[in-house]
Each structure stands twice: as structure tokens, then as C-alpha cells.
Amino acid sequence: MHIQLGLASIVTRAVSVLVFAFSGWASTSIVARRLTGRSKSLYESSNNALYEDQDGLATEASTKAFSDQWQRWVLALLSAIWFGCALSATIITLVPPQSQLLVPVWLLGFNSIVLCLESVAFFAEPSSVSRYNLAIYAFWTSSLTITLPCAELYSSQSPTGRQSYIHLEGPTAWLFIAQITAGLLRSVCCLLIPRRPNVWHDGQVVDQEFSGSLFSRFTYDWANGLLQYTKQNKSRMDIDSLPQLRSSGRTENLYTRFEQVRGSKSLWKALLVAHWPSLLQQYLLSLFQCVLSFGPQVALYGILKSLEGRLAMPGEDTQSWQWVAALGMLLLLGSGVDSWLWWLIYSKLAIPVYQELSAMVFAKAMRCKDVKHTAAEPAGPGAEGAEEQKKSGQNTVNLAAVDARRVSDFAMFNHQILTSVAQLVISSALLVRLIGWRSLLAGITVAGLTMPVNAYITRKYSNAQEELMTATDRRTRLLSEVLRGIRQIKFSAMEQQWQDRISEKRSAELQVLWKASLYNSVLVLIWISVPVMLSAASLSVYALIHGELTPSTAFTAMSVFVSLETSLSSLPDLFSRGLEAMVSMDRIKEHILAPEKGSHTTDVDCILFENADIMWPGGRHERLEDFVLTNMTLQFPPKGLSVISGKTGTGKSLLLASILGECEVVTGSIKVPRAPSLDERHDNLATPANWIIDTAVAYVAQNPWIENATVQQNILFGLPFDGPRYRQTLFASGLARDLSMFPDGDSTDIGANGVNLSGGQRWRVSFARALYSRAGILVMDDIFSALDAYTGRHVYENGLTGPLGQHRTRILVTHHVGLCLPRTDYCIVLDKGTLKDVGSVEEVTNRGSLTDVLDELSVAESHDEEEESIENIEYIQGEEGPAAIEQPPDSNPTARTAPQKFTSDEKRKTGAISLAVYAAYIARGNRVWLWVFALLGYALYTALMVGRSWWLQVWTNSPSSHHAQMESLASYSVTQKVISIQTEGSLLHFLGIYVAISIASCVIGTGRYLATVVAAIASCRQLFNDVLTPVLRAPLRWLDTVPMGSILNRFTSDMYVLDSKVGLTLSMLATRASNIAGILIAAVMVSPWLLVLACILLLCCLHLSSTFLAGAREIKRLESIAKSPVLEHFGSSLTGLLTIRAFGKADVYVNHMYARIDRHARASWNAWLFNRWLGLRMTFAGAVFTTATAALVVYMPSISASMAGFVMSFALQFNFAVSLGIRCYANLEMDMNATERVLEYTSLETEDQAGEQPPAAWPTHGRIEVQDLVVGYAPELPPVLNGLSFTVEMGQRVGVVGRTGAGKSSLALALFQFLKPRQGNIFIGGLDIAKLNLHALRSRLAVIPQDPVLFSGTLRSNLDPFDEHTDMELYNALERVHLLSFDDTLTLPSHSTPASSVTSAWLSEIDPKSNMFASLASPISEGGMNLSQGQRQLLCLARAIVSQPKIMILDEATSAVDMQTDWLIQKSVRAEFGRNASSLLVIAHRLSTIADFDRILVMDAGRAVEFGSPRELLESESGFFRTLVENSGEKAVLEKIIYDQD
């Protein structure tokens, strides 16, 4: 061998030395610091210290398991070998003629010293992270050093006619080879050095991406452990089995950083600024990958060109083999870059952007003004305006569940815009080089004709997407409201009507989806036809100009066109995602720009109102329906009890909300003491001495907000447990006795919004939360409404004014003024939005205002202190105070079993998605024939694409002569049989068939997509209906125990996947499967050996995919499950927003959301990690197949250039087709998880809808007969009614009393057949209701619950949801419940005599102009929140009156109204029900409510302990009812009511 010397060679080596010196500076500095004793580790302070960084802390076990010793010793050994070889070569160069190599060899010797110095540095550096960073330098040092001996060996070939060369062989050559080998091994060893021990955060290991070596990181090898664990522990996998996210990937850190950079920037600009490093890497890598993607085409051109030359010079294959090697290296490099690009954009962009936006939406929601108290103005009857959507809590959930996902998806794919442009430019340059500018211009002209159509359809598609989002919001919002009010709907037997309404919204949504899909189909046609027609036109013009078409030109051009086609074919999805992202970002922007709740506190000592006009946020002062409090001038005494009273709807709750800063101050000012922030409170350091913070606020809402947690967790509300205070709180709030009846005491899980508690218990838990809190200011909204007399007095004396209530500022809204009057310090009387009177009790009494209120109580013939119920017998007989309360369960956990969970955990299947799921999806829409047609379309499309390439092979293999014979190699079998096909045809003949095939492929390609879309929409339509029906008809027990977030997850996220992804993924999978089939067919046509190789690689791919799918399925299921808590937390927090903010806990709930989003992100992160693990290995396998195909083509001399072009054009697609095909299958399996979850709900157990149809007029009378009734909530639970027997004759009014847990509410459920009899019977109107059809039964009865349920819409839509009654019937019902006065009805177009003639001066004072109930078109906001609690109860009562049932059940239905209104309502109820063959059952706490009834049913332990007339029960010597009356404190008053009745 000979080496040519020159100045350029010496300069190159000198530059290399400088690079090596730069690479070695790190090791030199490390050794120098170590020698001078100044070496300090960044993370480890000593050998015994545990490693810690921002991600987490290492454990002793992980520290012991971590080691990089063998890597360092191997590096030292290889460095020594290199040094020995370099030293030997240096000595040899001292002997002529090798002395001419003195400079390069001595430079190599110098480099060997640097390598040795690096090896020493690995032992001198104590920090593992620093050693890892040093390994990066060492890798480049080794890699660059190798280039020198490689260059010497490569240039050692002796060029003919040159004189300046030397002989290089023998020892010198072998020493160079040894150095190259040692350098390669050293580079590999550097890649194997781990970075750090595994670190832990919150008790869980952190993701190991940055714990392992560079090799592990770039090959995703750190996923192996989790993959194997998932495969072996499918049934035990949960979110806690997954590693924690790194610090930079945790939601709190991401959101904090995002908010810092956002400022006043637009959201798009903020995302760019926050993620510019990742975006820059994305764009650079994508551009690099774009350039690399054309490398195989260049190599293909080189191979085909060399094969064409092989005919003239047989045996000259050197250049061909060089192109084969180049092809293999380019494919491998491209595979690695592509895999890393997709990992980067998902892990560093898609997931973080989703986390940031979800957190931002929630954090903003926690700061937004609560506008749900203000109704939207409908655009017309039944219309839903945009304002209503903005005020919907469900719309906010959609922003995080759907819109944030769409924006993050676009962040994942946006780089394809840049790469598409780059591919277009590079493709154009290559095509100009291959076929000339005229041919390319012809193709571009044909493609340009579609641009106007493309622009028009794109605009239409964008509009359709906006319509689709709006339609989805409307459907989801309605569904959310229905689920919240499902109990009322089931009681009213209106499941079908509401299902029809939801189905109507769903149909409108699917119509828009179909319109968007049609537009998208046109775009698909354009994007398929453009590259196909581009290639057809370009090659046709080229052939016409040149008269021939060579294989190298044709197939290379075709390969470029295929790349262009692949790029352009992704544009429909890219444009779809881009347009969706723009629409979604606009929606998020609108939410972010919504007004926020401002700071309302200042440095004052007491709460002051100075001539303030107050209204709910979002309202307008001039709108009649927007209630306004005017001229409020108040000063609440510190540490005193202030009582706010007034009639129903006078603004009492609005006044409380204004203290909390939840209202808009139109004029004047409100001053509230400033409370310390959570960080300033130091709750963990609280002691009894400093427990109360005078300026902190606690709030008890009119609708108590209860978390889906245990009783204790609801009371503590995040505060530390203080045993004595906790027990005192339970006693003061009257909860001690209730907890003793719960199966798990205060560890009882009480379900979403306290569904497992009675109304009174929910109120007392909410009050206990306020009592236990550290707040010095307690703001309470009528805590006595749902309490019986004794419990109310107990709470008043021991809670409100007891030890825990004293020395705190207490502001209370109540209708029970008489109860609170003795200890009231400040009294406020409201009337029609103004201050009727204010001052001390004495001042207000002297002015007569308080006397008026007390007179109303007198008129109502009731007073809380005169009331009693059976609930209190045990209190009276044995209450011993807080000291007698048992230690809470948490204090002795070992003595208890694990508490039962009321809410059920979401189920998760394991293993592969069953074929039954796929079959069910396909069969649901009754469009099986369309699926078959689509499948045939994919097969035909592939056949056309193979046929097009085959025809091109025939064309390029034909002789130039017009009538010449053409020999074509149709197949290459084992017997090497060659079949000659004799063809004659002109150039136009070839062109005509080629263009015809191209056009046919465009039509079939579009048709298959359209068939898939139609079939998918049909399946989605039916699946939605199939899941909606059982959910609406599920037993109440299931609806109560399944979190609403889990149900909504099915109807939002899962349905979104079904609507938008499953059909597309099926289409993509079919495309890739047919592509692979086409490639295999092409391989068979050339050589069976290629088929064998392809099958081997496919088996390897299937093995890898089986490992991947075993883990990916479970992770995807976990991801779906992890989303439900996010949605549940959204809904729960928005429901309790006022309570959360009043307690100053908004930031706490934001942190809770961070944790839930992180758990979801962990599943998404690992799902994509598994995807990349598979993708890298698949693309490497594809690169091997393509390279082997090229080698076989070059090796076999009998294969012509045209046949080689044919097979290579498909082989180049194998890499992409296999990897994307398996990725599509994985995505389909993960998307089908949504189908699996939806199908799970289609098989829910539903209530039996069968049964006999009663006569049309049934019940003609309201007689109820209960015989020995035994019912329970579940077969495994004990009975709640045990042998209950009683009879209600028609026309009777029956009161039901009993302590909590006596079975009163269970009786109501049994009457409606929500609880099926285990024994006994219930006869209504002479028929056994157990044998009746449920709808027929429930539609003939009516119940008014304690918690009223209203739906957003209008007054009419709530009174008469399905337009079955006239306006006057509705107005009459409103008049009967005294929401309208007689004078109001006179202003109506027509007037009918009201059923009740009860009017009073109080009624006549209502101003018709300010009464929203005077118009049936008056808007009702979501949940009826623009009405007071009392107004909502009255509206529900009016709704029941409209239905005119024969049997009416009231469950303390007027607990939230003032006493006089209650008296008026009770009088109306008595006039409407319990007369004229109808019956009335009232479950009541106020004894005066039922004291004059015909019968009293006293219940205890599920039995009727007494049943008879009030007089009979009162005269029973030892009866329960008599005990109630005697212990009431006002025995004479109750006796007067009872005896006057007779």
C-alpha cells in the first residue's frame, strides 16, 4: 500500500489535532483540579452521600446498584492499547522510508496521550453526571481520532503516474488497523457509561431516560424493564406502577414556566417562546431527516445507472456495491434520526403542551368570576346562545379534555408543514435534474389546476370544524346536565324524552361531522390525485420529448414522486389538525381572557358596606332578570353574630356572595379584612392557642358542597388532625350520632357531592368543616333549613354560639330568626333588593321591622323552637357532650378493617383487544357491506399501484423502436424460468395505459376513504345510542356509586376517539397492510429469496410487536382511566368553586389538578416510549431488508435495470410501510380501547322495563297499601325497610317522621320501585306496583326532593320540558306556589281563575316589572343558579303541580323558603293534594308541617313503630309521637293544632 502526501493532508491532520485538544480540555481540567485538591462534585459531597438532583433522590439500594466501574476499566485498557500502538508506530517511523509518516504518526501519538488523560479523568471525577458528560467528550475524541488512520489507509492506494507516495504495509498498516479497532471499541464503551443512579420522587422511581447511558437513551433501552414488568403483571398494573415524570416534565413546573413567559403575549406566541429550544430541535431534525429521506433515491439512481452500465461492461460492479453500502448507511441513519425526532416532538412538545394548557384552563377557571348565577339570553325559544356556552362548566371541561389535546396534537405534527415545503423544493430540484424543467412544469401545471378548489374546500372544512366543536359542546353540555339531574329525570320517568333530546343534539353533531368528512374526502381526492397526476404528466411529457424512458430515470423519478405523495397525503390530516387547533386555541383564548375574580380584601378590622349596589357577575344592571341589591350600607360587628333575614328571593345569598368577593360592585364599596395566604398561615404548625385566624374566611353554601372523600377528609379540608377539636366539632354539628350508624364511622366514603348522605347530614358536614377551620369569619347560608328542630337547636347552642363559634365573626342567612334572636348582635332585614332595616336586635325591634318578621312566624304557626322529631329521642335520652364521642377511627387504625368505598373504581380489562370488540364496532352501524367495499377498495388500490409500477417496468424495458419486440422478465422463480412477453405498442399506448391506471387509482383511493368514513359514522351513531340508553336506565345505585367523571369520560374523550380517530386509523392500517402485501407481491415477482427474507423480517417484527403490544395495551387503558379523575376533579371543583375560594384553597385544588394531570401524562409518556421502542427496531429491520434487496439485485446478473427499478421502488417503501403499519395497528388497538370502554357501558345492567301497562286513567284514586315490605339497596346489604306495613286511604295526607336512617327516603324509593321488594307488596290504586311497567308507574307519581333540580334553558322549558301544556296552565302553577301574584296574572294576554284564592298584602307587593316569573321566556342558568334555593324549590313544586299526579311525595321540599312563604305553600299543597282522591306523603322535619295531617307514620329501623291520626298518636301514653310533643317545649301549641284539626 502507498500513501500520497501533500500539504492538504498535513493541514487536515493539524486541524484534527486541534479538535482533539479541544475535546480533551475537560479531562485535563478534571485531572488538574483533582491533583490540586480543588475537585468538588456538583451533586455528591462525599462517598457516603446519596445522589440528589432536581428530579429526585437516590435510595441506598439504587446507589449500590449503580456502577460504571467496568466501563471505566475497559476504557483505560483500550486507551492503553491505543497508546501502545501509537508508540510502536512512532518508533517505526524513525526508520526510513517510514520517516515520511513522522508528522501524522506523531500527531496520532499526541492524541493517544489525550485519550489516556481522559481515562485518568474518569477515575479522578467523583460525580457520575460529570463522568457521563466526560464520556460524551470521549466519544467524539475517539470517533474523530479514528478518522486519521482510516484516512491513511484509504489514501494508501497508489495512483498511477504519481510520484509523491510512500509504501504502507506490514507492521505500520496493522498498527493502524489495531488503532481503528481500539478506537471503535472505545467509542462504544463511552456510549455505555450510565449517568446516575435511579432517583425517587414521592416514593416512586423517576423515569430512567436520564439515568442510563447514551446507548440506552438513544435506543430506548430503558423501556425494557417496564415492558417486561407490564407483560408479566397485566392484572396488577396501575398508574403507580409507572415511573414518575422528570422535574422538567411535571405539570406544576411546566405551567409555572409557561406563565412566566406568557405575560401579555398571545397563546401561540407564548407556546413558541416557552418551547423554542424543543421547536428548534424539532425543525432542525426534521429538515435533516427531510434531506436524508432523499438519500435512498439518490442511491437508487446510482444503483440503476450502474446496472444500466453493466450491460455494456459486464463484471464492473464496484460502483454498484458502493451505492448499496451508501443506501444501507443512509437508511440506518435516517431511521435513527426519524425515531429521535418523533420522540422529541411527543415527549418534549405534545405531552408538555397538553399539560400546560390543561393546567392553565383549570387555574383560570379557579380565578374566573362565577357567572353561572347569571342566565344567558337565548337567541330565541329553545335557542342556545354563545354566551350560554361560555358560562357552562362543561364547556370548561371540554377545553381541557378536547381542545388542549387538539392543540398538543398540532404541536406534534406542525413540523410537517416545514418538511413538506422542503420536500417540495428538494423534489423539484431532483426532478429537474432527472426529467428536466419542461417535464416538471407540465406536472406542476396539472397539479396547479386544483389549487383554487383546494383553497375553497379548505375554507369550508375549517368552518365545518368550528360548527362541529360547537355542536359537540352543546351535546356534551346537555348530557352533563342530564347526568347531574338524573335522579329527578328517573323519578319523573322522563328518560326517553331526555334521550330523544340528547339524540337530537347528537344527530346535529353527526350531520356536521358528515359535512366535515365530505369536505375532507374532497381534500383527500385532491391530495391523492395531485402527486399521481404530477408523475403521470411529468413522465409522459419526458417520454414525448426524449422518445425514451430509461429505468434509472423512470423509477428514481417515481420514487421521488412516491416520497412527494407520502408527504402530500399527510396534508389532509395535517390541515385538519391545524384548523382544529386554531379553533381550539381561539376557544381557550376566549376562556383565558374571561374576567377574573378580583381582590376584594383590604386592611380593615371589620366587614363594611358603603352605599354599595351589588349584582351577580356577568349580569347587566338594566336587565330585569339580573337581580341587584341597592344602597347597602352595613358594618358587621367583629366576633359577633349577625343574622340576615328576608323573604325568599330578596337577595340574601347575593349579600353573602358579595362578602366573599364573588359579585360585582356596581357603585359604592365593600371592605373585607385581608386573610393571610396559605403560605403565611403555616397550618402544619397550628396549635389550639393560635388556631383561629381572625381574618380567614369559611363558607357554608346554600347548596352544601361535599367532596368525593370520607367524612373526616371533608371536615378537615386539608388541615392537620386535632383530636379534641375534631371531636368537639362532631358534637357541635350534631354528627356524632350519625357517624355511629355509618359502617365505617368518619372513614365512610360519602360519594360524589355527598350522595351517600341525607340533606341534613350534608349541611352538617359542611357546617362542621367551617367550625373546624381556622377561620375567624364564618359566612353561612341558612344552615338550619334541612335540620329538624332539636338538631337545629343543638347546632345553634353548641356550634353556632357554642365554644367553637364564640369569638368568631359569624354572618348567617336564615329564615329561623326566632331561634337565633337571643344571641344575635346585628340584624339585617332585606326586602325586594333593598335594606328594609339594619342594626342591633333592640334597634330593629323598636322600629318594628323585626316584629314584622316574628309576626310572619306567628302567622305561619310555627317556630323552630316549637318543633321536634323522632330523630332526637336518643339525643334527649343519652347525649353526653363531646367528651363522650369515641375516638375517631384514624386514631386507632389497627383496630379497624379497611373502610368500604362508596364509589366504585373504574374497571380495566387486560390483554389484547378481543375480536368481539372489532366485530361489534363494525356491526353496530349495519354497514358491513360498506366495510367490505372499503376493504376491496384498499386491495384494488394496492393492485393498481403495483400495476402502475409494473407497467412502468414494461415501458422502460421496451426497445426504442416503435414496432420492436420487448422481452420482459415477468417473474424469477427457483428454476430461473424466464417468460417472454411479446408486446407491440406505441408510446401513446404506454402513456394511455399508464395515465388510465393513475386516474383509476385516484378514484379508488378516494372511494375507499369515503366508504370508511360513512361506515365509521354509522357505527359511532349507533354506539352512542347503545351506550346512552343503558346509562339513562341504569339503577340509581349504579349512578350514585360511579363517579360522574368516569361516565363523562365515555361520552367525551372516548366518543371523540370514536368519532375522529378510529375510522381514520382503520383506514391508515388498511393502507399500510395493503402496501406491505404489494411489496411482498413485488418481491415474489423478482425472486423467492426476497420473499424468504421479508418473511424472516416480518417474524422478527411480529415478535417485537407482541412484546410491545402486551405493554402498550395496558398503558393505554391506564391512560384512559387516568383521565377520569382529571374530569371528575374539574367538575367537582367548578361545582364547589365558591366554597373553595372562600376557604382560600384555590391554589390547593390547582395543585391537586397538577397531580392528576401528571398521572395522566405518565401513562401518555410511557405509551409513546413503548411506541418509539418499537419504531426504532422496526425501521432498522426495514433498512436491513431494503439493503439486502439492493444487494441481491446487484448480485444477480440476470436482473435487468428495469426489473431492479421495479422491485427497488417497493423495497424502499418496506421500511416505512412496516414501521408505520405496526404503529397504526398499535394506535388502532389503543384507540379501540375507547370502543371497548364504550361497549362496556352498552352491557350495563338496567332497570327492568317490562311489566304490565295499567289502565290509562290509573290511578283513579290515591290509595296506597304497604304490606310487610322488605327492601334493600343491594343483595349483599342488609334491608333498610324490614316488615313495613301501613295503608294510606285516598284523599289522605300522611306525614312521615323518623330519625336519620329510619328508612324515610328508602320508602320513597320503594314507592317508585327504585328498590325492589325482597318480600311483601305495595299496592297503589289497587294494583301491585312490582308488576307494573316502570315508566307507567313513575309517570303517574310525583316527588319534590329536598335538593331541587333545574336545567338550563327557560322558565317554560323547566316547567314543561316537552311542551305538553298551555301557557296559562303554567302561569296557574306558578301562582299556586306564589312565585306569581294574582296581580301578575292580570298583565298576561288572558287570565283564568287560579286554583288557589290565597292572596295577601305580601303577594300584592311584588312588582310585576321586576318579577322574572312573569315571563315564561325568562332564562334559567345551568343548575338554576340564577335563582335562590327557595325559588328553585318552588319552581320544582310548580313543575309537579303541572303534572297533576294522584300521589305526591314531598321530601322537605320547602326547607329553604321563609316561614310565611312556607305557610302559604303548605296551604296550597293542602288545597292541591290530599283531596279529590289524591294522596299526599310528606317527609318533614318541621312538626307543624304535618301536625294537622290525617295520618302520621313514625318510622324507626325500617319499621312503622306508630301509624295513626295525630290525635290518636298523641293520646298514646308511651308512644313515640307523644314523646316528641312532650319534649318539644311548646306542647300546648302543637296540641292546639292537632285538636283544632279534629
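Every residue gets a Cβ built from N, Cα and C, even glycine.
Going by Swiss-Prot, these are the annotated features:
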- GLY646, LYS647, THR648, GLY649, THR650, GLY651, LYS652, SER653: ATP 1 binding site (BINDING)
- GLY1298, ARG1299, THR1300, GLY1301, ALA1302, GLY1303, LYS1304, SER1305: ATP 2 binding site (BINDING)
- 312-580: domain 'ABC transmembrane type-1 1' (DOMAIN)
- 609-857: domain 'ABC transporter 1' (DOMAIN)
- 5-25: transmembrane segment (TRANSMEM)
- 74-94: transmembrane segment (TRANSMEM)
- 134-154: transmembrane segment (TRANSMEM)
- 173-193: transmembrane segment (TRANSMEM)
- 284-304: transmembrane segment (TRANSMEM)
- 417-437: transmembrane segment (TRANSMEM)
- 522-542: transmembrane segment (TRANSMEM)
- 544-564: transmembrane segment (TRANSMEM)
- 927-947: transmembrane segment (TRANSMEM)
- 987-1007: transmembrane segment (TRANSMEM)
- 1062-1084: transmembrane segment (TRANSMEM)
- 1173-1195: transmembrane segment (TRANSMEM)
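Shown on the structure are the features that Swiss-Prot records.
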| residue | record | contacts (Cβ under 8 Å, 6+ apart) |
| --- | --- | --- |
| GLY651 | ATP 1 binding site | ILE614, PHE627, LEU629, LEU830, GLY833 |
| LYS652 | ATP 1 binding site | ILE644, SER645, GLY646, ASP781, ASP782, VAL813, LEU830, SER1428 |
| SER653 | ATP 1 binding site | GLN702, ASP781, VAL813, SER1428, GLN1429 |
| LYS1304 | ATP 2 binding site | VAL1296, VAL1297, GLY1298, ILE1483, MET1499 |
> In the structure shown, which of the binding-site residues THR648, THR650, SER1305 has the fewest Cβ neighbours within 10 Å?
Replying inline: SER1305
> Which residues of the same chain, at least 6 past either end of the transmembrane segment (987-1007), have a Cβ under 8 Å from a Cβ in it?
Replying inline: 521, 524-525, 528-529, 532-533, 535-536, 539-540, 543-544, 547, 937, 940-941, 944-945, 947-948, 951-952, 954-955, 958, 962
> Over the domain 'ABC transporter 1' (609-857), what does the predicted model average in pLDDT?
Replying inline: 85
> Can you name the far-off residues of the same chain, 6+ from the ends of the transmembrane segment (1173-1195), with a Cβ under 8 Å from a Cβ of it?
Replying inline: 219-220, 223-224, 227, 296, 299, 303, 306-307, 317, 320-321, 323-324, 327-328, 331-332, 334-336, 338-339, 342, 1083, 1086-1087, 1089-1090, 1093-1094, 1097, 1100-1101, 1104-1105, 1108, 1204, 1207-1208, 1211-1212, 1214-1219, 1222-1223, 1226
> For SER1305 (ATP 2 binding site), which of the binding-site residues LYS647, THR648, THR650 has the nearest Cα in space?
Replying inline: THR648
>> Quick check: of the binding-site residues listed here (ARG1299, ALA1302, GLY1303), which one has the Cα closest to that of THR650 (ATP 1 binding site)?
In response: ARG1299
> Do any residues of this chain, six or more beyond the ends of the transmembrane segment (1062-1084), have a C-beta under 8 angstroms from a C-beta of it, and if so which?
Replying inline: 573, 921, 934-935, 938-939, 941-943, 945-946, 949, 971, 1008-1009, 1012-1013, 1015-1017, 1020, 1090-1091, 1094, 1189, 1206-1207, 1210-1211, 1213-1214, 1217-1218, 1220-1221, 1224-1225, 1227-1228, 1231-1232, 1234-1235
>> I'd like the number of other C-beta atoms within 10 A of the C-beta of LYS647 (ATP 1 binding site), please.
In response: 23
> Can you check what DSSP calls GLY1298 (ATP 2 binding site), collapsed to helix, strand or coil?
Replying inline: strand
> Of all the binding-site residues given, namely LYS647, THR648, GLY649, which is spatially nearest to GLY1303 (ATP 2 binding site) at the Cα level?
Replying inline: THR648
>> Just to verify a number: CA distance, GLY649 (ATP 1 binding site) to ARG1299 (ATP 2 binding site), in angstrom, no decimals.
In response: 31
> Taking just the CA atoms, what is the gap between ALA1302 (ATP 2 binding site) and LYS647 (ATP 1 binding site) in Å?
Replying inline: 33
